[in-house]
Amino acid sequence: MQANGAGGGQQQPPPPQGPAVPELGCLGAQNGEASSGSAAGEQLAHANGLLPSASAANSSGGGSSPGGLSVNNGVPAAGGPGSAAAELGGGGGSALKKKKRLSQSDEDVIRLIGQHLHGLGLNQTVDLLMQESGCRLEHPSATKFRNHVMEGEWDKAENDLNELKPLVHSPHAIVFPAGGGGGEREQERMKFLLLQQKYLEYLEDGKVLEALQVLRCELTPLKYNTERIHVLSGYLMCSHAEDLRAKAEWEGKGTASRSKLLDKLQTYLPPSVMLPPRRLQNLLRQAVELQRDRCLYHNTKLDNSLDSVSLLIDHVCSRKQFPCYTQQILTEHCNEVWFCKFSNDGTKLATGSKDTTVIIWQVDPDTHQLKLLKTLEGHAYGVSYIAWSPDDNYLVACGPDDCSELWLWNVQTGELRTKMSQSHEDSLTSVAWNPDGKRFVTGGQRGQFYQCDLDGNLLDSWEGVRVQCLWCLSDGKTVLASDTHQRIRGYNFEDLTDRNIVQEDHPIMSFTISKNGRLALLNVATQGVHLWDLQDRVLVRKYQGVTQGFYTIHSCFGGHNEDFIASGSEDHKVYIWHKRSELPIAELTGHTRTVNCVSWNPQIPSMMASASDDGTVRIWGPAPFIDNQDIEGKTTSMYIGKLM
């Protein structure tokens, strides 16, 4: 047989003679290799552990090809005067004996390819691959077991389990016993899964008595998973097949459910006996996911299926897709801009300034350009902090340290709903919304913080806490507050308890929490940006590059899956890090004074805003001209840009 296919009837020159090489370890009867001389289709089936396809059987029985051979890609399959063995060996014996012994990894690759081809229905190709390589796809006992399961021959499948029993004891099985018992326990689990399928199929066919017999005399005596047996017995009350499939969450009798069953059963066998299902596809998918995880600029949501990517090239995202380029400069504020924040739906941006105004900007969904929507005036002390309500209908604005007032605006109408002040001695510099959207907490560094409703009515208060920054967790009960003791504590208004969560060695100027509530991002005076795990209460990472003194700078999570972190800096730059990397992946220039705040659009991963003491807000996005190949991970040179 030719490795790449022989021409029709053309004789090939004999292979060069050399020193004899030992036979492949995977050759011979013990590995399922067929000897020449008997029916080709049957021998191939034994060699590969798979039943021959119908076309193979027909052709071996005497088709139009010479000697009744099945030909695939121009290569004779087996047997007869034109056999592959004769062509390869030049008549003196199998050429495989003269080939280098396959390594274990080579055998594994061949088996993986064979499994994938078999899944595509290319059974004759699998036969040829296994015959020429001398390998087998799976153990013969596993092949019988597979066929009996797929054909619904449950008694035979149970008998096959006895043949497989010694193999279940192998330490190389994928699933290991959780509570002891070794292979005996695994054998019970496999038998239970088989009988469960048998029971459900009887029920679907209306054979209630046979199903009851399986339940009483076969499943129950196993004394395995009694709770599941009670559930199965309840299915006897199902009035029709559709009701059964719905309650059992089962695909019904047929190929789909039996394939799913076989996937579960395979996990109890070592891969040397039967490969895990779709092993090659899973390995390739893992490789693609790993490349995406390691890609510093990957910022798009992609389909996890292999069909959405090319396996012929490595995954590399271009920097030009990343929000490193100034798309727009907003200059409507006439003084320092202290804060910026995108709405939760990503359609608006709110900016607060020392000029006493809040400006709401509309994001064009197509061009991603921003235009002025509303200007909210009257904040006598300036606006240093802004919080959107969960539904984006309201906006709360706070001032700097000496501000005792808080403004609650209706975003849709632009009307002031509440102007709140508990005391002229208060300092209301931070605010956070409760997840229910009906309450918020606010406070400052004068020694207390409050919980209020939308009309500014005081619901609760917590005394003796000098608050720098606030955040409400998703449980609706816990408020996180950073204070002047260089820590973040959790306060529960329901049971009036508090606990320490984060302790730093320097003042915490601001912090923000990830969407899942697990991570906290802190701007620490003279230290920079720190990432904390709130669940484990440990410092995860210190990010390098940013210049952070005693100015209040607000950083943010952002990008697809919040994989990135961005922060302003006193050196007039915006820094971006991948969450897992301490070194910045981008330093954005353009501002001429301290960058006070950055906000990443939660719905548009390629859009970010930064607010600066230079009186401007910059909108950052991808390079102006991006070739389609860039999006697919290739690097092109159509656009040469610089950071503005």
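Glycine too: its Cβ is placed from the backbone N, Cα and C atoms.
The compositional bias 'Gly residues' annotation in TrEMBL covers 1-10. What TrEMBL lists as compositional bias 'Low complexity' is 47-59, 67-76. Annotation comment: TrEMBL describes 138-210 as domain 'CTLH'. If you look up TrEMBL, you'll see 1-76 marked as region 'Disordered'. For 330-364, 376-407, 588-620, the entry in TrEMBL reads repeat 'WD'.
Residue counts for the repeat 'WD' (588-620) under DSSP, split into helix (H, G, I), strand (E, B) and coil, are 0 helix, 16 strand, 17 coil. Remote same-chain partners of the repeat 'WD' (588-620), defined as residues 6 or more beyond its termini with a Cβ less than 8 Å from a stretch Cβ, comprise 299-301, 321-331, 333-342, 344-347, 349, 351, 353, 363, 368, 370, 551-560, 564, 566-570, 572-576, 643-644. Mapped onto DSSP classes, the repeat 'WD' (330-364) shows 0 helix, 19 strand, 16 coil. Across the repeat 'WD' (376-407), the DSSP tally of helix, strand and coil residues reads 0 helix, 12 strand, 20 coil.
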